[in-house]
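J.: Supplied in structure tokens, the structure appears directly below.
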């Protein structure tokens, strides 16, 4: 009886001489020959078999193989790259972990910096059997690309084996150099025009020795190397601009960019055409090139109509007609900002139009100016002046000067005929003629004499004296009458007398007004005679007795200085010829103020871009002469009120009168012609009252 190890007999003695760790236990009587192995070694890892030799009459037998597997713990794992590794972001890193002489071979695993096993797709394992055929070496490679997240992390190689009570580990610390990691922030997500904007650049890098640079639209901002960049009162020009922060270290450079979104109100990119001329039937395109953020909403309107023609930036008029000519208005709006608008006047091409006053005035001996304003589409060739069929040209020797001014935005041309040191023969009718490729036009302008400034001073002085004398006289009479009454009557009688005086003097004022009615015969006001009858209270009470009847007192009013002043004022306001106030500043401009808005007469239905919606009333700070004589100017309000019914009808009457050589200059002639009435010929309020005169 014996045991074999891998087919080699160990011996038949129970002590198994030569194998001190082996022995057969039991007894022969019991037939127990169990094999005992102490202090198991790697060599004990084999196939064992119990064999019984043959005897007389019996064959030898053998048992089934008994397999003894011996596990051997491997050596501690080892990382080939060592305990520390320095690398650069973006580089490929290969870490190798080995464990030797293990049986079975060690099971190796890589753990990342967070203690999690890495993916098997990034690892590669292998084993190598040793010469004894029992033990083996194990190896595990981990390949990855270094990044800033790996910097400062510790990686672990773990080894496991059945012979180990707990896993064995090996560590390696990684230092990764990487370029700056940049984060660009702005202090506000909703930026409006004129806001202060601050950018902050945060960066982390290894090594930490970094340099900052700021860029606007890829152009470096010189001198700014801090972590912040500030724009004071940002303008709309920064909208869509790119602000970049560039950070550099020894490893590399990183740039972060922010695109600005600046909110601002609408504004026109280019100045739209103010005036546009078109042919009948032609196509007209109007552009409203407006900018804003958010994108502006655009509407097109025509004249004063609220109807929206289009919401596109380009308005197309397919076929131009007279009905479609006028003012086209483009309105643009951005939420949260004021609305803006602009307008274009579209005209049909045609002959020029003359728009000036047919009656103009000047002072003999002073510098006189005649003004001729022309509206043209297309532009007029020139303006020509005629006097008695003779062409009037600039002549310094004769003191004649012609000044032309053009106003393209209103399609207006103004020609001013200046006569220095005017004489009697300079007054009369002048012809202002103009033409363009579509035709010609003209206007007869009558230059009339204007009363000089000293005459007004004399009249004012006389009126002032009359008012003073009359006022003093009335006061003296009243005082004397009151004293006389106090001697004869008591307080009640005095009240009755004052009532009688009031009744009598009021009726006298009524007579004064009724007696001086207007009788215009066309003659000069120089020979006018004013007759005023003022009855005193003393003439009505001849016997000096007290009046007891006061029943009629309620219907009458006292005579005051204001009543007399009103009568005198009416006398001052009346004259048989037009008087225009002048002074040292206005004598040289022909007694009228030049047009402030030269297109006012032509475009009576439209307003300027700064006065949209204000119609009908034109404010003037001074007297403006117009071709419409049926108007008055209240000096207290400075408002020119024009009756539109006479805008065109008066022109022909004036032109005919001037062309016949008899210009209508006197007030009486204009009254007789029905052009304006007597109370409309002078510069005053029309409610001044009737005048007391006698011619």
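Glycine is treated like the rest: Cβ placed from N, Cα and C.
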J.: Of the ranges 41-69, 70-98, 99-127, which one does TrEMBL flag as region 'Disordered'?
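T.: Of 41-69, 70-98, 99-127, TrEMBL gives region 'Disordered' for 99-127.
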J.: With TrEMBL as the source, which of 401-426, 427-452, 453-478 is set down as transmembrane segment?
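T.: The range carrying the transmembrane segment annotation in TrEMBL is 453-478.
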J.: What counts of helix, strand and coil residues does DSSP assign across the domain 'Ig-like' (180-261)?
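T.: Taking each residue of the domain 'Ig-like' (180-261) in turn, the totals are 3 helix, 45 strand, 34 coil.
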J.: May I have the DSSP-based helix, strand and coil counts for the residues of the domain 'Ig-like' (352-448)?
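T.: With helix first, then strand, then coil, the domain 'Ig-like' (352-448) has 6 helix, 62 strand, 29 coil.
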